[in-house]
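As recorded in Swiss-Prot:
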- 80: active site, charge relay system (ACT_SITE)
- 155: active site, charge relay system (ACT_SITE)
- 179: active site, acyl-ester intermediate (ACT_SITE)
């Protein structure tokens, strides 16, 4: 691996700003690393090498003239395949959109380009962001760089794997029920799901509009802080965007463990023993450093997954109705009949998991069942929000494992969707409540597979969230040894 890519994100940023390395050198190193390892990892669906090199050369020219767009000018960032980039295919890893080129930039893309970031599209994902393993892509299965026989998590598995394998220092994904945090956990990364409404969804292909949020990946906390500071902010093109003071890195609130009230949960027998061991080790260190641990009763959250899947699939059924082979999506016109065109285009264009969720969502919204399922789920969602409000009247943050297990083997759970859904047991409730949460590295199991710790704070308290993450990074056993050689 090129020596440049052995540098931390902060070192890379400092080297770009001091002139020790050029963007062209950094981008070339990323391209060579992708050539070297992505045949095995399969994080990227496509990369226009000429385009990214041209962008790097333009960045170097700006710096040479003393006119960099920002301190991030020339920094590579990978983009998930459901975030629109003008004149670039945005397929959502689905056959129905395999040739769709977006006519516009997503707001987050515009913000990145304004700061001079070098975009590396497109990373693989579960089709339309529906999955927890990136096995649901119509094109390829992404593998975990720590063990190529295992999944990287999902649905943003391509973005997570690209960062974990040192192909790029930063990446963007989307999180509907854990799709940034869970792959971050399984790939040893920092991954942020921001407060709902703080990052524009304009240009993000919608799965479940009331749950989706774009979030960053990085090996280092500072990478997530910097990306969030760039992509957050009010956007008039997104009606769910919230007007708040612009976040900056200076808003990070350093946290002292002494006096910090930390909400914790009880582990259950189905949780992998090494996950429990790592979690207990963190809690013991927190007690030693003066934190107050408060046991929280999460029994009411046992229904979070069914609530999530009723709401998410209902919104998915509505959002994906536009992909009919006429307005959007590839057309399969075999008989010349309009109804057959709809049926054939969607039958051939959507994969099994997407079809399953469309059917479930359509049923939940159907006459006679709407109140019993969707209406009841929304009422239960409100109760989850109130439960979190009650928790945060007692604690400053909640700590729990991000995932109940480390990365499982490819194909292990594909035939049992319920077991796959349970991988999101601790992440979905955060989306239902619209809260900010982050997965941070919490060491590894005996096989060297990463374990993640989820931090949750009240709405709009990303500054505190980052401060707690920074403090946690100083604890013993939190670091991850990333693989240089991937075979």
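Including glycine, each Cβ sits where the backbone N, Cα and C put it.
Everything Swiss-Prot records as a feature, shown here on the structure.
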residue : record                               : CB count, 10 Å
80      : active site, charge relay system     : 32
155     : active site, charge relay system     : 35
179     : active site, acyl-ester intermediate : 37
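For the pair formed by the residue listed as 'active site, acyl-ester intermediate' and residue 155 (active site, charge relay system), distance between Cα atoms is given as 5 Å, rounded to the nearest Å. Under the three-state DSSP scheme, residue 80 (active site, charge relay system) falls in the strand class.
For residue 155 (active site, charge relay system) paired with residue 80 (active site, charge relay system), the C-alpha to C-alpha distance reads 10 Å.
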